[in-house]
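Copied over from Swiss-Prot:
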- 1-27: signal peptide (SIGNAL)
- Cys31-Cys46: disulfide bond (DISULFID)
- Cys38-Cys51: disulfide bond (DISULFID)
- Cys45-Cys58: disulfide bond (DISULFID)
Amino acid sequence: MKNTSILFILGLALLLVLAFEAQVGESDGECGGFWWKCGRGKPPCCKGYACSKTWGWCAVEAP
């Protein structure tokens, strides 16, 4: 039962990531949203997001 629950949660997380990637692929690419790969040679992050120097993707700006 415990393994089934963990597998279900991992599957759901994978589904959400794939759905997000499909949505990003359909956008016009002017700016990057959450978890968008950013940095040199890549589109800038959208308003409300900042490029994380540690991870190299767009994250929510700290207040």
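Using N, Cα and C of the backbone, Cβ positions are placed for all residues, glycine too.
It is Cys58 that, of the disulfide-bonded residues Cys31, Cys38, Cys45, Cys46, Cys58, has its Cβ surrounded by the most other Cβ atoms within 10 Å. For Cys51 (disulfide bond), the same-chain residues that are 6 or more apart in sequence and have a Cβ closer than 8 Å to its Cβ are Cys38, Gly39, Pro44, Cys45, Trp57, Cys58, Ala59.
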